[in-house]
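K.L.:
In case it helps, TrEMBL gives these features for our protein:
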- 23-309: domain 'Gcp-like' (DOMAIN)
- 111, 115, 303: Fe cation binding site (BINDING)
- 134, 135, 136, 137, 138, 167, 180, 184, 275: substrate binding site (BINDING)
């Protein structure tokens, strides 16, 4: 089964052709990072306009690289949400048009489920059940993947996601969008014990939820206070101390979740999954506990059509098709039962 998948939830226009769920025939990504950098973040209207310009050329390139024709496609998949509504609409409109014109079934995919399934592309032998840590600009979640279409939410962010905090701190420190990689690079050169930033939800031992708004505010206050007092600070030490606090929080909760659930496999997903500090810390912690850690290549951590096509394949196997009346849903929830941690 060959699926043509569209992903346009934010500032990447991506189309991929996936065969039988696991084989990437093509995965074309057109990024708008350079366009939005001068604005300090993604401008929704500009993102939408560039998606409109890029969507057809990217789709054609995906088919050409996969060496397949339109008639060889068995189904069309698209990110339904969550994301920027204007950006999502471009992908949805393109996918619906293809499905109608080719008389092929349409599959509407949750973007966050797509991130989880990126691991299945990287690891051909990976099968549920397993625990997945999803860390991105808008989400931080611990998800129990019981089977290919059954998920349970163990913990989620109560406010700011980890990726959002990384970008905000980088912006305050004067670094361009996207800020996460700048923090990661600086942190490698600094002292992670230089500044004792507050540990999120330190007193709540019975939850797997995350919260990074307080930490973000503490770092910003530290930077502003130093600026007002005209004190010299080490940006490397600030980045290292901030990243260590985030990473330790995420790793501690993840290892506790693995202990509670008994899973021996952990998958890492989302844009922040490319962070070297997080990968290294999780790798060390998992190695000590005999846990298999699965981390996708950086290209599969970012938004891409391949992960959407992979997720769509398993939805198709379960007959989970969408009508042509489906629409973009910028606030599409992650429909998983929340596990009681008592």
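For all residues, glycine too, the Cβ spot is worked out from N, Cα and C.
Note that the structure is predicted; figures quoted are calculated from it, not measured.
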K.L.:
When the Cα of residue 134 (substrate binding site) is compared with the Cα of each of the binding-site residues 111, 115, 303, which one is closest?
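P.N.:
Answer for the nearest of the binding-site residues: 115.
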K.L.:
Rounded to an integer, what is the Cα-Cα distance in Å between residue 303 (Fe cation binding site) and residue 136 (substrate binding site)?
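P.N.:
Answer for this pair: 10 Å between alpha carbons.
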K.L.:
Taking the Cβ of each of the binding-site residues and counting other Cβ atoms inside 10 Å, which one has the highest number: 138, 180?
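P.N.:
That would be 180, with the highest Cβ count within 10 Å.
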K.L.:
State the count of C-beta atoms found within 10 angstroms of the C-beta of residue 115 (Fe cation binding site), not counting that atom itself.
P.N.:
31
K.L.:
How many Å lie between the Cα of residue 275 (substrate binding site) and the Cα of residue 115 (Fe cation binding site)?
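P.N.:
Per the Cα atoms, residue 275 (substrate binding site) and residue 115 (Fe cation binding site) stand 15 Å apart.
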K.L.:
Rounded to an integer, what is the Cα-Cα distance in Å between residue 115 (Fe cation binding site) and residue 180 (substrate binding site)?
P.N.:
18
K.L.:
Any idea what DSSP makes of residue 111 (Fe cation binding site), helix, strand or coil?
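P.N.:
DSSP assigns residue 111 (Fe cation binding site) to helix.
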K.L.:
Rounded to the nearest angstrom, how far is the Cα of residue 111 (Fe cation binding site) from the Cα of residue 180 (substrate binding site)?
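P.N.:
One finds 20 Å between the Cα atoms of these residues.
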K.L.:
Which has the fewest other Cβ atoms within 10 Å: 136, 275, the binding-site residues listed?
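P.N.:
Among the binding-site residues 136, 275, the lowest count of other Cβ atoms within 10 Å belongs to 136.
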K.L.:
Given a separation of at least six residues and a C-beta threshold under 8 Å, show me what packs close to residue 111 (Fe cation binding site) in the same chain.
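P.N.:
Same-chain residues close to residue 111 (Fe cation binding site) (Cβ under 8 Å, separated by 6 or more) are 7, 9, 79, 80, 81, 82, 83, 303, 308, 332.
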K.L.:
What three-state class does DSSP give residue 134 (substrate binding site)?
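P.N.:
SS state of residue 134 (substrate binding site) = strand.
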K.L.:
In the same chain, outside 111, 115, 303, whose C-beta lies within 8 angstroms of the Cβ mean position for the Fe cation site?
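P.N.:
Close Cβ neighbours, site residues excluded: 7, 9, 79, 112, 114, 136, 270, 271, 304, 307, 308.
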K.L.:
Ten-angstrom check, please: count other Cβ atoms within 10 Å of the Cβ of residue 134 (substrate binding site), all chains counted.
P.N.:
24
